[in-house]
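S.K.: First, the structure itself, so that you have it in front of you.
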Amino acid sequence: MTAVHVGIPVVRPAAAEDVSDRPDTPVLLDRFGRVARDLRVSITEKCSLRCTYCMPEEGLPAIPRERLLSAEEIVRLVAVGVHHLGIREVRFTGGEPLMRRDLEQIVAGCARVVPGVPLAVTTNAVGLAHRADALARAGLTRVNISLDSVDRARFAQLTRRDRLDSVLDGIRAAKAAGFAPVKVNAVLMPQTLDGAADLLAWCLDEGVQLRFIEQMPLDADHEWARANMVPAQRLLDLLSARFALTEVGREDPSAPAERWAVDGGPATVGIIASVTRSFCSDCDRTRLTSEGTVRSCLFSDRETDLRAALRGGASDDELAALWRGAMWNKWAGHGIDAADFTPPQRSMGAIGG
Ligand SMILES: Nc1nc2c(ncn2[C@@H]2O[C@H](COP(=O)(O)OP(=O)(O)OP(=O)(O)O)[C@@H](O)[C@H]2O)c(=O)[nH]1
Ligand SMILES: C[S@@+](CC[C@H](N)C(=O)[O-])C[C@H]1O[C@@H](n2cnc3c(N)ncnc32)[C@H](O)[C@@H]1O
Ligand code: SF4
Ligand code: SF4
């Protein structure tokens with residue numbers, strides 16, 4: 001039998017955080033002066049695909065249902081984040097968020113308790129065609145869709161599933177449902193580099209915003225190697241041979257994606273250069289795992305358990321205080337370039353990108 005390492009991070013009882021030197025402020029401040037305003041909530045570890053840069057072939061071990069946050073618990077924590085901690089936008093991720101049949105219920109619940117706050121989802125879009133309208137009606141405001149290649153064989157090789165048509169249907173359904181802009185995420189790899197210009201041409205034709213992402217050492221198979229990683233500059237050089245690119249910068253200072261206007265604009269292509277042009281010093285993210293722990297950084301194995309407090313009867317004020325403590329002790333950044341770097345225990349699918 002093959003052993004699958006989902007990774008058991010160090011989950012700390014929330015009260016264990018040292019906050020003795022924390023200034024008294026309601027927001028999610030850390031020791032480096034950053035304030036987290038962007039909440040990313042993973043709602044499941046399950047997925048319909050098995051992307052090689054993320055999941056093991058057999059998928060992640062199932063999390064027992066009672067350990068997952070329920071729709072009501074997610075809604076409560078989102079409300080605490082917005083009303084007590086200054087969160088300004090919320091994104092649902094996973095695993096694959098569409099694997100939860102109650103995604104519409106989660107979105108509708110959040111839309112009710114935090115009206116006006118943007119609610120987005122990052123999804124592989126498998127099956128989205130059947131749910132895009134209902135999600136829009138529930139109050140979802142934006143959708144980012146992962147698509148690494150428009151070549152069917154290459155897509156199947158990268159995701160270990162022959163589902164390209166379902167994803168393309170999902171992208172078109174997202175547009176038809178009125179989500180705008182629809183952003184497309186593609187992970188940069190040696191296997192995707194030769195199709196990158198074709199993928200950009202396809203996205204320009206479809207009117208969706210493509211962003212390439214530098215591959216991070218978050219694959220469950222631990223095969224990432226710096227030497228094999230495709231850096232942003234290599235992609236820029238390649239795309240420049242076919243398109244005229246003009247740098248236009250980030251949507252806001254904390255946005256991971258840098259953007260270039262394509263052929264004079266208004267269409268853009270983005271690059272999320274997490275490794276070679278790290279944006280950790282401007283990070284504004286806080287994360288909740290599907291099991292209700294706060295994760296202050298994608299790469300940090302230290303998690304703070306909110307679920308136990310929530311189920312133990314903690315008030316909103318108490319939950320907010322615990323969350324603040326977790327974020328106060330956030331570290332400076334991922335440290336991928338450090339000699340002693342080791343990847344986190346959880347792989348990307350178990351964190352939510
Ligand atoms: N290193 C790092 N990478 C991140 C972080 N957030 C997102 N990413 C990377 O960016 C990719 C795309 O993220 P999305 O889920 O689309 O979110 P986003 O880019 O913030 O979304 P928009 O607000 O729509 O631009 C993720 O898959 C990650 O690879 C982060 O906090 N740190
Ligand atoms: C973990 S997935 C979860 C949401 C959904 N299943 C999807 O694929 O969009 C979120 C994002 O993480 C990205 N991702 C996964 N593994 C990655 C890695 N090793 N490096 C960089 N991005 C990665 C995916 O491309 C996707 O855009
Ligand atoms: S990147 Fe998204 S779609 Fe691909 S395996 Fe990971 S969770 Fe699933
Ligand atoms: S690696 Fe950590 S600190 Fe850096 S941007 Fe991502 S979440 Fe923020």
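Backbone N, Cα and C atoms are what each Cβ position is placed from, and that goes for glycine too.
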S.K.: Pick from ARG76, ARG88, ARG91, ARG250: which one does TrEMBL list with ARG40, THR122, LYS183, ARG285, THR286, ARG287 for the same GTP site?
M.R.: ARG91
S.K.: Test of understanding: give the count of other CB atoms lying within 10 angstroms of the CB of CYS47 ([4Fe-4S] cluster 1 binding site).
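M.R.: There are 22 of them.
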S.K.: Beyond the listed site residues CYS280, CYS283, CYS297, identify every same-chain residue whose Cβ lies within 8 Å of the center of their Cβ atoms for the [4Fe-4S] cluster 2 site.
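M.R.: Same chain, not in CYS280, CYS283, CYS297, Cβ within 8 Å: ARG34, PHE279, SER281, ARG285, LEU298, PHE299, LYS330, TRP331, ALA332, GLY333, HIS334.
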S.K.: Ligand 2 is in the model; which of the binding-site residues CYS280, ARG285, ARG287 have a C-beta less than 6 angstroms from one of its atoms?
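M.R.: Cβ < 6 Å from ligand 2: none of the binding-site residues.
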S.K.: Around ligand 4, within a Cβ distance of under 6 Å, which of the binding-site residues TYR53, ARG91, CYS280, CYS283, THR286, CYS297 show up?
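M.R.: List returned for ligand 4: CYS280, CYS283, CYS297.
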S.K.: List which of the binding-site residues CYS51, SER146, MET216, CYS283 have their Cα within 10 Å of the Cα of LYS183 (GTP binding site), in sequence order.
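M.R.: Cα within 10 Å of LYS183 (GTP binding site): SER146.
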S.K.: Which of these binding-site residues (ARG40, TYR53, CYS54, CYS280, THR286, ARG287) have a C-beta closer than 6 Å to some atom of ligand 1?
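M.R.: Once distances to ligand 1 are taken from each Cβ, none falls under 6 Å.
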